[in-house]
């Protein structure tokens, strides 16, 4: 009888692939040495499907059935020597992470001032930033510096180009606030702002916007206006690049076609915004004239009557802040940095962004009124002076934060060098404290500062001819208050 043949069980994988017998030499077999091949070692797993002929047809499950999957691959691999040493069991959590569907939120403060929100990054967009004792609904705000810059670029550079043929300017007045509730539209706006800054770079926001638009079109109750706005912005993003990418353009058109959208649906973007409260009450809420008279010491009533009037004026201001429409509330709010910030370009003021000059002017008038009332209460009521002092600081910081964001803030100034330096936030006592309290030591100084600020506000109003009637009330009040001290012409508004 011949010699019994045996099959190698620990041979190399290279000889097995070549279908030749391996001598099982270590660390390299002779066959691999002769042919100058790599001698591969290890265990190869072959999964063989069994009982394929007797497989039963898949049962149809009713909609909504919960399925649970068991991963048995690690249990199989653990039966081998190598698998038992290398494979580690991983516990998989059954809880799914919540998607990022909302932007940072901040609540309005009790006195209506802009909340001191915390700065969050784009990866922390679900963080809720609420002010204490807030009786008002939470507001969605952009609190990330980079995203605030992209939004500012979109409003200043991209949106005017897209609204050049539409009188109501939907991409300037409507889209930014809708984007705070819809991540797809928000990412599309961020992508356009980033493309304007870096035309040759691909934006991560573009991919997120396309993905969000695809999910939106798959919903049974698709918001056609949202899809049209997002698709239009994505097309604008593609147009701003070096060359129009046909593949991406086809994908955008396919998404629009899937949602049964056409050009006529864009009418849903044009809406006439209406104020959500009585216009006369909103105007009366910021009665700057009486506040200025009291601050200058020309109020002749008794201290008790003065206190009652201050409470009434403060109630008007709070009511205005509570009922003002969302379009007149801040779109972005970035708190000031820490006092020990080492950056040379660090500012002591918050960065506040509004959409439209009317919102900016209205909020500035509101903060000036609250600042005057807080100063009066601090002087009349010693027991509440600390709380009033805190309100003065908060409103003063917001005034400087809003005024420092305007592009045309210096075009209408015709002031002496000292007042101009004051408005540039560069006076020496102001740098040391970061507040406006130290520059108001006397009533005369306060009146001088107001005389410098109000012409600045009227300069912003020069572009609001279509909304002249909304500010006629303020023009008359400020004209009476300022008299001949300020160089402005209300008829030019």
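Quick reminder: no glycine exception, Cβ is built from N, Cα and C everywhere.
The structure displayed is predicted, hence computed values, not measured ones.
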Tell me which of 22-57, 58-93, 94-129 corresponds to the region 'Disordered' entry in Swiss-Prot.
94-129
Match it up for me: which of 12-39, 152-179 does Swiss-Prot list as DNA-binding region?
12-39
According to Swiss-Prot, which of these ranges is transmembrane segment: 445-464, 465-484?
445-464
Averaged across the DNA-binding region (12-39), what pLDDT does the model get? Just tell me the whole number, please.
88
